[in-house]
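Worksheet: the structure to be examined is printed underneath.
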């Protein structure tokens, strides 16, 4: 298992970091051409598109990976059904532009949704072929395809922006990315439609897929209600700034957990009855995650203004404060990102759905409280509280319900990360009070240097380098 995991980690690292780098570079370029209002308009479409992505996959991808009895013929039947789902969802997505135009008072939505419906088709069609590749642990192909599609999408978006395409630049990026991703994935998987259609393959995955879809939907509501309400009750510029801040805090999770999460289920699914193996893997991952996540949250909190100014320019200055507040939730989000795969591997998706419902209730309540205050800063504070409470709850539940262990066993694994985080907060706090902010580039360089020094010193003092080497040598 160790060899497969490390191989998957390597290729996923190449794919994930390359894709994140492409995404950041494209975003930096487009942010200097497009306004916060342009991003705000597209943010709502992105929220709606995310919902349709959930229905496009419908939990089928995870179910295919988990159920080893699914045959090649079954996959072809499921792929055939996905064509029907794709056309239906694309038409619905196109039609939804009219109510969006009425609700948000932007008539352009009625045109944009039909253009973006092309991406909905490709999202639905890629679900089965991609799951087939992941089940075969073909991480190399999956990640190379992701990089290729990300590059094509990014270049297309930049070209459209330079030609004066406005908000369409952001949409072209998504459509081209999804098209190239589907084309390459289908070709690599060799999964094609079939005329021999029956419901037996659907019945095999129905229970798992529906519970997974249910979890995804409630999770979606919790994480997108903020954008929906801000768009309705605040300005497009406010939504654009908030959305920019929120996207920034997602990069660390994407860059770190995005390496591990796609590998966890395919690898751990073979050990679903051996809870000790899964528990050991989870604790090792959480130890390393905390070591990175807690100090990183502190660094981003103290460096938020300089980061926003350097990356996006002064026009996005209003995004720096929401980014600072939300960055304090990064550590909980990174630690919780591994929970879903653990429940899936243990075949406890019903429990996963319940957790999703409970955490969503908290997120919805705090989001409404924040929006009622009338500022994106208040929304950020409210979500920080919600994410923190939910984070502790999820960590506790994973240890007790999925891994049959104590929460305090996990807390012990987090100690080093917390200690380094406290030390870094002290150093950066003193620096912020002593030296007033002037040049953003110089300020960010100094803060980055202090982060590296404190992190390295702390890791060496706590013996973390040796611990990580020992973890990597062990088979499980």
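Using the three backbone atoms N, Cα and C, a Cβ is placed for every residue, glycine included.
Automatic prediction, not curation, is the source of TrEMBL annotations.
Pulled from TrEMBL:
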- 39-65: transmembrane segment (TRANSMEM)
- 77-106: transmembrane segment (TRANSMEM)
- 112-133: transmembrane segment (TRANSMEM)
- 145-171: transmembrane segment (TRANSMEM)
- 249-269: transmembrane segment (TRANSMEM)
- 281-303: transmembrane segment (TRANSMEM)
- 315-331: transmembrane segment (TRANSMEM)
- 352-372: transmembrane segment (TRANSMEM)
- 378-396: transmembrane segment (TRANSMEM)
- 417-438: transmembrane segment (TRANSMEM)
- 444-465: transmembrane segment (TRANSMEM)
Exercise. Have the transmembrane segment (417-438) and the transmembrane segment (112-133) got at least three CB pairs under 8 Å, pairs 6 or more apart in sequence?
Worked result: no
Exercise. Based on Cβ pairs under 8 Å, which of the stretches 39-65, 145-171, 281-303, 315-331, 444-465 lies most in contact with the transmembrane segment (112-133)?
Worked result: 39-65
Seminar exercise, completed: Most Cβ pairs under 8 Å to the transmembrane segment (444-465), of 39-65, 77-106, 145-171, 281-303, 378-396, goes to 281-303
